[in-house]
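Quick look at what TrEMBL lists:
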- 213-225: compositional bias 'Polar residues' (COMPBIAS)
- 226-252: compositional bias 'Low complexity' (COMPBIAS)
- 258-289: compositional bias 'Basic and acidic residues' (COMPBIAS)
- 921-937: compositional bias 'Polar residues' (COMPBIAS)
- 943-952: compositional bias 'Low complexity' (COMPBIAS)
- 962-973: compositional bias 'Polar residues' (COMPBIAS)
- 325-616: domain 'ABC transmembrane type-1' (DOMAIN)
- 650-884: domain 'ABC transporter' (DOMAIN)
- 27-50: transmembrane segment (TRANSMEM)
- 62-86: transmembrane segment (TRANSMEM)
- 98-115: transmembrane segment (TRANSMEM)
- 127-146: transmembrane segment (TRANSMEM)
- 158-179: transmembrane segment (TRANSMEM)
- 320-341: transmembrane segment (TRANSMEM)
- 361-386: transmembrane segment (TRANSMEM)
- 392-411: transmembrane segment (TRANSMEM)
- 464-484: transmembrane segment (TRANSMEM)
- 543-570: transmembrane segment (TRANSMEM)
- 590-610: transmembrane segment (TRANSMEM)
Amino acid sequence: MADPYDAGMAYQASNPQMEPALTSLHYAYPITVFVYYIVSTAIAVLTLQTRSTDEAHGRRRTIIWLLTFIILTFFAQLLNMMVLSFCRHEVPSEQDTIINLLSCILVFGVELAGLTDSLKPVWHPYIGSFGLALVFEPIIETLSLLGRSPERPTYAEFFDISAVATRYIALLLALAFYAEGLWTARQESSTDSERQSLLKPNGHPNGDASETADGQSDGQQQEGYGSTTSDSATSGSETANSAASDPATSDSASDDSETTKTDTKADTKADRAESPWERRERQANEQMEKRLKEKGNWITYAKSFLVFVPYIWPVNNRKLQIRIALVGCCLLAMNAVNVLIPRQMGIITDSLNGDNDTNPWIAVLVFAGLKLVASEAGLSLLRQWLWIPVEYYSFGALSTAAYSHVLNLSSDFHDSKSSSDIMMAIQSGQSISSMLESICFQAIPMLVDMSVAFVYLSIELGPYEGFITVATASIFLFIATRMISGLKAARRGEVSAWFEEHYVRQAGIQGWSTVTCFNQVGHEEDRYSAAVQNRVVKSQKVYFGYILAYAFQFLVLLSGLLAGAFLAVYQVTHSDPDPASGRHATAGKFIMLLTYWAQLVAPLTFFATLGKSVSRDLIHAEQLLDIMQTKPTVTNKVGAPPLEFTGGHVVFDGVHFSYNNKKSILKNISFNATPGMTIAFVGATGAGKSTILKLLDRFYDVTEGSIKIDGQDIRDVDLFSLRGQIGVVPQAPILFDDTIMNNVRYAKLTATDEEVYEACKAASIHEQVLTFTDGYQTRVGERGIKLSGGELQRVAIARAILKRPAIVLLDEATSAVDTETEQKIQEALRVLCEGRTTFIVAHRLSTIMNADSIVVITGGELVEQGSHEDLIRANGKYADLWAKQIFVRPKDKEEAEDKAAVKEAKTPTILNDLTAEETSSELAKVNSTPALSTMSNEHSKDSASSSGSSSSDETHVEGRSRSASFSGHTKEV
Ligand SMILES: Nc1ncnc2c1ncn2[C@@H]1O[C@H](COP(=O)(O)OP(=O)(O)OP(=O)(O)O)[C@@H](O)[C@H]1O
């Protein structure tokens, strides 16, 4: 019996007319499927179908098995060819068929990896690929059969046809299973309502405990009376379960298991405090997810970054635009040089071997020239020289735009964000440039390099070399991205440990005085050492992970190189001229291949990490985008006229306010301040007093009602002219880390030194400033840390005096200072408030008792208003507060019991800010009001018993001679 393998080639169309068509189809088939798969997957990702899919396909596992089988049929065909060639003792000559089979293994292998990678894939890239295969396969097979010799089919042919036929059946089955799974899923969802229990879930039907979706028996979630048991539901849950339990698919569940892992980590993380860095990253990530969801797809999402275009693209600068165009030319030239260098290496080798006529000296000189052009001293230098001004333009433009935007945002923004977050976000502008740079200067040129490599190697060394390049690149990228994402958890741990170390160190150094006071140096040392140790352990873990990953990646590249090199060696050693091209494979080609491979390693490594770095940059850019898209809530109306000040008549008319539109802070506040009047706000802490001042200065706008100054609604006038008329002395003034001179001058940048001195004299700080080492040139430290509380407040008053405001807002301006300093501050304030409409917030009632009108705020409502005398007589909330403040502050019981000690020390028992005479007269007033007299008597008794003195108006009262009012008509008491 004749050897069936001898009967003819199974793979090559013996009909020459069929040959070109068959060859083209062999190449077109894998390319078409691959392009379709990549494009449709890209569209799915860009339109967020990959995120939104909730279709857990019931037949996914079956389709994975079928796809594996399909790949095996290609392998079988390939093996069949190898056996055939081996039997015939010759090298297979049907390059296109071999490339077709190898490429199909690669393309469907990529699809298999993608399908196993995701539990809920978007199906159309896979289903479309199967459809395309169903079209190509019969055409190719028919052409092959038509072209074969009319003799009896050989075993090889028979085997080949069987492989194709079974593959075809597998493809059809995959489509059928997909349709069936889809239909079942639809049925399941459409009958969902029918399967609802007729009884309430807790109605305890007579049925048995049913399997819940996660496959666990749960008596709580029984299927109720009237419901139908769904096979499909069970099969769905089965699939989910088996996917988790089946080793074949457990890997595929990596995404989901990673999510679970992340969730568990998040839970553990929640146990400890989230570091500011983690919070910032989490928030930015959430923000990105939220925005993506809102935008619906990546394209619209990316469009929101267009706000940055005017800062990145030098719109009105033609010179910079030309530079950008030249940078593009440099990149193209670099692509060309990257091909020319390996080619030149080949030429040198061939010239040395005598395989060409080129002078090796000249060839080496050309090579050196090319190397120079490709080096840091060549095109790279030129590109950077061209690019640096563009880079700095965009960096400068982005930073200034972001800074200016932040400064123009309203109080609600600044109150809700920490300053470090804002500063970090402004710096994030750099991420946008770095993202664009890595895409434009690295990703795109490298992609071009790789495509050129594929084409060039295919032309120079045949399609096998091209295929090896593409296959190695694909496998490398797949493995590298997998390994990098595998290290994600370890890397997060390391970064978080690094920040923990940073925060422990920072807390120790910043809080050095507290650490030292409480003798906790040892404790801080231990804490820091533990944090360092923790970071070192985590860093080592990541480091080892990276070393292993790199080693593995290197092995993949080495395998590719080896395969390519073997092929090249074979071609060189069997260097008969190629019948098609007439070309010889020479040693120079081999050297060219090696050089080219060395050049391709860097782009591949870069691509493996590109996704990670771009997504990190995107998250940072998102922080800035978030800020840039925030609009100020307090805005200047277009064409608003400046405030016309005619005395300072301020009217609050039914003002309501809420910071967050949820909790009402001010409710229906109405009052009237005539020009020059002093109005004081008193009330419990958190009542809303400072909020009233913020509304007047338009840090916020009222929610309802209106505020008018001299008949003009403050929302309708120019914001800057309004703030120009108002001077504020806050409770905790903030100075810049600059000289006293510059800090005071900040109120009026054009003020002369003399004007500053005058303001400081009026604020009773001038003499003290002169005693400082550098006088007015003394730097005050960060936030004025080098000044005492009283000095700080007087500098703030000097600032307000220099501004010469028409309306003065004092928010606890004399808090937390000693009596003597307070007296000086009161003096300064008297100068500041003279003849100006003044609003004062104060807790110490003695400091505002002479105000023209006192407004009592309770829980955001105005409960009383009137002069001190009126309110005392009214015997309401104010009288109550007043009585509490002027009476004795109860001393410690223990101390009170020790009467002898108290007597000896002559400790005064009545402590308030009034003079002795004033206290007596105020006590008399409150004693005359019946309700308060009881209280007064109790206090008097208290004081008498604790001090041993007989009455409260004795000279044991701590009396102070002081000015007790800020108002223009201040009286000395
Ligand atoms: N920026 C803000 N955002 C949200 N709520 C705020 C803000 N500022 C103040 N509040 C809340 O508004 C209420 C009133 O605050 P406000 O500072 O006006 O009180 P206050 O009467 O001046 O208190 P104190 O006398 O202690 O200064 C408080 O409950 C406070 O928690």
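Yeah, the Cβs are placed from backbone N, Cα and C, and that goes for glycine too.
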Touch test for the transmembrane segment (361-386) and the transmembrane segment (392-411), at least 3 Cβ pairs under 8 Å: no
Close approaches to the transmembrane segment (127-146) from elsewhere in its chain (Cβ under 8 angstroms; 6 or more beyond its ends): 11, 13, 15, 18, 21-22, 25-26, 28-29, 32-33, 36-37, 40, 70, 100, 107-108, 111, 161, 164, 167-168, 171-172, 174-175, 178
Contact call for the transmembrane segment (590-610) against the transmembrane segment (464-484), three or more Cβ pairs under 8 Å: yes
Intrachain residues whose Cβ lies under 8 Å of the transmembrane segment (27-50), provided they are six or more past its termini: 96, 99-100, 103-104, 106-108, 110-111, 114, 118, 121-122, 124-126, 128-129, 132-133, 136, 140, 292-293, 296-299
Taken over the domain 'ABC transporter' (650-884), the model's mean pLDDT: 85
Residue numbers, six or more beyond the limits of the transmembrane segment (464-484), whose CB comes under 8 Å of its CB atoms: 95, 98-99, 102-103, 106, 110, 113, 450, 453-455, 457-458, 548-549, 552-553, 556-557, 559-561, 563-564, 567-568, 593, 600, 604-605, 607-609, 611-612
